Amino acid sequence: MFNLFNQKTETSQKAVEYFENGKKLLKTKLYKRAMIDFNKCWQEAPEFAAENLNALFKQYRVVANYEACLSIGLILMKIDPQDYKLASVLGNCARKQQSYLQANNLYRYALKLNKDYKVAFFNLAASLARVEKYDSKVTATLQPFANLTEYVLPEFLGEPDMFEKLIKQLTDILAEKALRQVMELQKQMEAKSSNNELLEVHRISREIQALEERPTAPTFEDVKQYVNERLLEYKEKMSEFKEKADYEPRKGYITYLLNLGLFSLKHGYPLYALECFFSIKDDPNFSVNYLEMLIILAKHATKIPKRRRAVQRQVRRLAGAAPTLGDEPPDIDPETSPYKDEDPLNQLTELLRDDPNDRYYNINLGVMLNIEGNKLMAYKHFLIGGVLLETSEGIYERAKIFSQAVIYFESDQLKKALKLFKALSEEEKNSQALWYIGRIYLKRARWDEAVDAFKKIQEINPKSVLAGQELQQAHDHFYEAGEGYFKEGKYKAAVGQFEKALNVIRMPDTIKRTAAVYRVLRNKPRAMELQKEYDQILEQEKKGEMEKVRQEYITQGQSFLKAKVYHKAIHNYELAFRMKVDKDVFMILAYLYKSLGQKDNLQHLILRWNKMVEFEEKEKEFKRLQEEGGGGRSSREDEMVM
């Protein structure tokens, strides 16, 4: 309960009045005026205002009236300017109202009061990202990425576990080689021991110990050498098939080259990765997804300071990631990097500007910013990417999202399929995803949503045959449902279905039938409107047929003119001329009459032309006046089709 009636002084009575008036203004949604009264209440009686405004704030927060919460909360911030938690809550309220600038200022104010208050920091990142998540939900989305300092790269092409197998194979070879060396040294040690050469025995013993302790994991050079041998094999095949279609050998070469580039970048050899990526880029016959991004990431990797590289390695060790190679990558001095004058951050931002919903771009921009120490902007992009990944089951590439959605569709997991197809259709113009969305809705007998999906396909591709077929099916469904209701005497339900059919395809027969049902319902304005539309369609169809005939006359006239059969050419052009005002046909006839010396026919042609033009102008004016005056009664107004 609000503490309103235990005030004794005149000043307190004014405070009560201001408070009560502020409450009334909130109920009428006059939030700014309410703030003025609450402010006056606070100035009159600070303790009374604090107690009662706190209670009122909680009430409005429970019912999710965030605008009212802001009006009250901003006065509470005046009462207690050090309440950083309230500032963050008010930031959430402002964000709920799409007031992002105000929200950002409130979060920053909370951080000014307490720089270690992570809730406000995470909410500020969410506000910058325009992500509708708050407090713990923001933290949950950020959690997998917050400490990420390694680029997220696409999978290896062809065999995702290609290098895992290769390293195991090379490890086994090196282990076997080391074992043979140990066995050979043991034989030597036995021989030296029998000759009592103790110093040699001791030396060989140390060699054996060193061999046994040496890691058998291959070095980067070992892996590179193996892959380069495969690349040479593909090059030989490409030379062999130079005169023939060499697509497959070239594809194999590009695959190995890309995979080697990915492996090099992942293990700290960005300069060699760039060699691979640029070789692929120079090939005009192949386009590799995300190649531009990979080049940007590799350039960025050459500019990471030594200290930060050490931190990255330490993070990997703490995460328990087992080393796959037997050596550490060399340190690159950012000052000597060939790309020191380039700005990879800006380059990736440009890619993101073209496709703001790309998951790889957002997460990797976050990684780059994290490495640079810009946590706030890193978290912004982690949140954007994280939310996108939540909609796609953690899958990064759209082609793979689509493939997974199709698998769900074919296994009748329609809910999962719909979620993925919707994610794709919201991010890009994707006719295939929309077609599947429509099919899912049809399976669920949700015809209206299916129609929306198929219509969106037509917006992307007006000539889509599949969309046209599906929409025709939907039209027929609504039309048949309308006929069913009509036979049962449910005319309102019937006309509703016919209108849905018209919303799908405006077929003349459906327009005519819908107009007839509106007459049964005594809705003459709508019936007249539809009848007029029907008449106009018939008129257009008639004109279309006439135009087709007219064009045939013109074509025949052209043929006779080329054959110099002038009387037949004139006959066909005259038939075309009488059907429509056409300056081109008029000019041809005038030329023919003049060339043939038929002056009377030429004069008669000019008189007819002038009359036709005059009549056409009058007809246009009449139609304009008729439209302005609301039109006239349709000749078919009383026709009814039962």
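Glycine is treated like the rest: Cβ placed from N, Cα and C.
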When you get a sec, could you say which of 175-214, 215-254, 295-334, 535-574 is annotated coiled coil by TrEMBL?
175-214
Against which stretches of its own chain does the repeat 'TPR' (431-464) lie, if we need a Cβ under 8 Å and a gap of at least six residues from its ends?
402, 405-406, 409, 414, 417-418, 421-422, 424-425, 470-471, 474, 477-478, 500, 503-504
Would you kindly list the residues that approach the region 'Disordered' (322-346) from elsewhere in its chain, counting only those six or more residues past its ends and only Cβ-Cβ distances under 8 Å?
163-164, 167, 215-223, 267-271, 296-297, 299-306, 309, 313, 365, 368-369, 372
